[in-house]
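Taken verbatim from TrEMBL:
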type     : residues : note
COMPBIAS : 486-497  : compositional bias 'Acidic residues'
REGION   : 455-533  : region 'Disordered'
TRANSMEM : 12-34    : transmembrane segment
TRANSMEM : 70-87    : transmembrane segment
TRANSMEM : 94-114   : transmembrane segment
TRANSMEM : 120-144  : transmembrane segment
TRANSMEM : 156-179  : transmembrane segment
TRANSMEM : 185-208  : transmembrane segment
TRANSMEM : 264-285  : transmembrane segment
TRANSMEM : 297-316  : transmembrane segment
TRANSMEM : 328-347  : transmembrane segment
TRANSMEM : 353-375  : transmembrane segment
TRANSMEM : 387-408  : transmembrane segment
TRANSMEM : 420-439  : transmembrane segment
Amino acid sequence: MASDPTPRASSTNAGLPLLICAVTFCAIPVQTILLPSHVLALSCARLDAAPCGTRAAVDEATVYLEAIKSAPNLLAILTLPALTFVADRIGRKLVFCACIIGMGLDALGCALSPSLPLLLAMHTATGLFGSLWLFLAISCAMRADVTSSADGSRTGAFAAVETAVMCAVLCGPFTLGALSERAGARATIVGTGVALLVLAGVSAALLVETLPASARRAPRTGRECAASANPLQPVAFLCAARTRAGGADGGGGDVKDAAAVRRVALLMACTWAPMRACEFLLVPFARLQLGWGDEALGAFSTACAGATVAGNLALAASPLRRAPAVRVCALGALASALGCALYALSGGGRPRLFVAGGVSYSLGTFLSPLLRAMLSRHVRAHAQARALGSAAALESACALLAPLAFGPLLHALEAADAEALSYAAVAALFLAMLPVLSVHARAAAGAEQPCARRGARAPDALPPEFATEPLVAPRGEGTRSAGEVDVLDALDEDGDAETGAVDVRAAVGRGRQSGADGDSDGAGGSSGQCAEG
């Protein structure tokens, strides 16, 4: 059996958050600032608009920008199942580097496209691999491979990934926006694409594969390979009905506790749907209710990004990550609900309340890495990428559906305080889901409580039956017996006792019974050796 690369990966990939920050520093400004400016310039050139920014050019650019903005979310839903399946099958590093290459090619293709239709086609094609949703899912999977969920380190690692992304959001648009003012949007996008390709080479040279060879597995059937490309695979995974090998595609053999996975998926849907709706309402509310322009919105976005960084740092580097998940979830939901309520009350020229609402809402966004860590807790090592990819697809679907849900609502209300009423509805939704968060978070994360409080053995500790003898007979002394297979099934791929001492002792008992039967083909002898330990 191949050696486990996790210890070396843990030490060598210590700079992964810095690399994530560098990649998102280059990629996010392209989508938020540089690409809209380039699209408007192409539209003005096509319509021979002088000066640039006439109504016809702006309207055409807006249509293409909406398509460009929606394309990554739609592509994430369609391609994440297959790409995360590949990451679980052959390793994380290849998909991680391919994703950065896709972002670089996307930037270069958009910058060099001479027309808007070609730009949209190029963005769609290169976006198959260059998706920020895929990048976030693989980054979290790489951290999950080298951290433990028992002591809260995995929650802290996921919060560190989110912090790295938000640091890029905090600095990237300002820096590259200033560079674009001097060098032009197209030249800046080209430089960003080249920088991303260089970062892909650095990743290929320095990063170490984090998925152990023992955790990679061939597909059980051709049907599983076909199911991996199904866009509904995330739904099947998050709603898995069976957890043992041989179960339904997408669910069997991949999760430890199907009920807990379903509860976490419900928490994600209840959290991300109002969050994406809140973010969708932000710009129209600030412009219509407060009369803010681009400069004021930019300063407000910087303040919110700083508050998000502070919230995630609090989760990553404080005892908050070891606190009961139900309390942390409730704290985040209350902070977000307070932010939405302040948004609703800030209409009519009260910008200070609006800023306070933005800070409060942003502080509560640490719910996202916490929920990912809760999901990762109940998933086996060989399915971490698929689980986190399914979560990213769910979040992407919420971001895609929020405008479809609240856009018609704003037009239907046709009132001056329509946005305020919508924010009040979102705040009420956050408050109404507090009981749901309490019930499901307590049930889904009950196993994550510190072991010292229950007086139980740490999850990484083996039962006394295995303190001295190995679990598996030396190679060449026969095949594994039924008792040994049961014992190995009772242990997670990364060495954690997934079902507790009771299940393992039951497996040992079956091994003793198998050894007592004295099978002559050598399998009984192997199980007897395991049982005697």
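Including glycine, each Cβ sits where the backbone N, Cα and C put it.
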Given 94-114, 328-347, 353-375, the one sharing the most C-beta pairs under 8 Å with the transmembrane segment (156-179) is 353-375
Listed stretches 12-34, 120-144, 328-347 vs the transmembrane segment (264-285), most Cβ pairs under 8 Å: range 328-347
For the transmembrane segment (328-347), the candidate among 70-87, 353-375, 387-408 having the most Cβ pairs under 8 Å is 353-375
How about the transmembrane segment (70-87) with the transmembrane segment (120-144) - do they touch, taking at least 3 C-beta pairs under 8 Å (6 or more apart in sequence) as contact? yes
For the transmembrane segment (120-144), the distant same-chain contacts (Cβ-Cβ under 8 Å, at least six residues beyond its ends) come to 13, 16, 20, 23-24, 27-28, 31, 64, 67-68, 71-73, 75-76, 79-80, 83-84, 87, 92, 95-96, 98-106, 109-110, 113, 154, 157-158, 160-161, 165, 210-211, 372, 376, 384-385, 388-389, 391-393, 395-396
Of the listed stretches 12-34, 185-208, 353-375, 387-408, the one with the highest count of C-beta pairs below 8 angstroms to the transmembrane segment (94-114) is 185-208
